[in-house]
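Enquirer: Relevant sequence annotations retrieved from Swiss-Prot are reproduced here:
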- Asp9: active site, nucleophile (ACT_SITE)
- Asp11: active site, proton donor (ACT_SITE)
- Asp9, Arg10, Asp11, Asp17, His18, Gly19, Tyr20, Thr51, Asn52, Gln53, Ser54, Arg108, Lys109, Lys135: substrate binding site (BINDING)
- Asp9, Asp11, Asp134, Lys135: Mg(2+) binding site (BINDING)
- Cys91, His93, Cys105, Cys107: Zn(2+) binding site (BINDING)
- Thr51: site 'Stabilizes the phosphoryl group' (SITE)
- Arg108: site 'Contributes to substrate recognition' (SITE)
- Lys109: site 'Stabilizes the phosphoryl group' (SITE)
Amino acid sequence: MGKKAVFLDRDGTLNIDHGYVHQIDDFQFIEGVGKALKQLQDKGYLLVLVTNQSGIARGYFSEQQFQQLTEWMDWSLDEDYGVVLDGIYYCPHYPEGQGEYQQKCDCRKPKAGMFQQAIKDLNIDPAQSYMVGDKLEDLLAAETAGVKTKVLVRTGKAITAEGEKKADLVLNSLVDLVPYVN
């Protein structure tokens, strides 16, 4: 039997979305997120980041800059909360992007490629898992991958009627998910 997981969008879910966040100085965790992640991890859930990063394809920042920020974020969660991300998956592509990143891929949400790869790599049972994101695309990707519970949070993009309809739960923040998860 596979493991249970919480799939996590980054911008607008874990951190305040200032638009194409790629520098440590601009990265701010949403209040209470670190503690909530620790509680989810303590309940036996794998924590898996699944994030579109089209800023790479658009030339706003490099893949190396993204990786440096991600390493810092990962280190901060471990150092401050004892949280270890079990998987980090990102899509650097964008159909109107530049160079090698200009492509229509299977990993960019709303496609489910990142989820499918994580499910395979980490032996995740999507039927026991959650997706937490701030956009309809997050939920559509999760649904395609068979993730049971789709959670929309109000900490990022404005919630659309379509997104609200697709969500199993609409919460103010990732912090509010903890009581729903056993």
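Keep in mind that glycine also has a Cβ here, set from the backbone N, Cα and C atoms.
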Enquirer: Quick one: of Asp9, Asp11, His18, which recorded positions lie within 10 angstroms of Thr51 (site 'Stabilizes the phosphoryl group'), measuring between C-alpha atoms? Sequence order, please.
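Expert: Among Asp9, Asp11, His18, the ones whose Cα sits within 10 Å of that of Thr51 (site 'Stabilizes the phosphoryl group') are Asp9, Asp11.
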Enquirer: Neighbour count first, Cβ atoms within 10 Å, every protein chain included; then name which of Thr51, Asn52, Ser54 tops the list of recorded positions.
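Expert: In terms of Cβ crowding, the pick is Asn52.
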Enquirer: Lys135 (Mg(2+) binding site) has how many other Cβ neighbours within 10 Å of its own Cβ?
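Expert: So the number of other Cβ atoms within 10 Å of Lys135 (Mg(2+) binding site) is 23.
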Enquirer: When the Cα of Cys105 (Zn(2+) binding site) is compared with the Cα of each of the recorded positions Asp9, Asp11, Tyr20, Ser54, Asp134, which one is closest?
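Expert: Closest by Cα distance to Cys105 (Zn(2+) binding site) among the recorded positions Asp9, Asp11, Tyr20, Ser54, Asp134: Ser54.
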Enquirer: In the structure shown, which of the active-site residues Asp9, Asp11 has the fewest other Cβ atoms within 10 Å?
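Expert: Selected from the active-site residues Asp9, Asp11 on minimum Cβ neighbours within 10 Å: Asp11.
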Enquirer: What does the structure give for the C-alpha distance between His93 (Zn(2+) binding site) and Ser54 (substrate binding site)? Integer Å is fine.
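Expert: Cα-Cα distance, His93 (Zn(2+) binding site) to Ser54 (substrate binding site): 6 Å.
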Enquirer: If you count CB neighbours within 10 Å, which one among the binding-site residues Cys91, Cys105, Cys107 has the smallest count?
Expert: Cys105
Enquirer: Name the secondary structure element type, per DSSP in three states, that contains Asp9 (active site, nucleophile).
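Expert: The residue in question, Asp9 (active site, nucleophile), is coil (DSSP, three-state).
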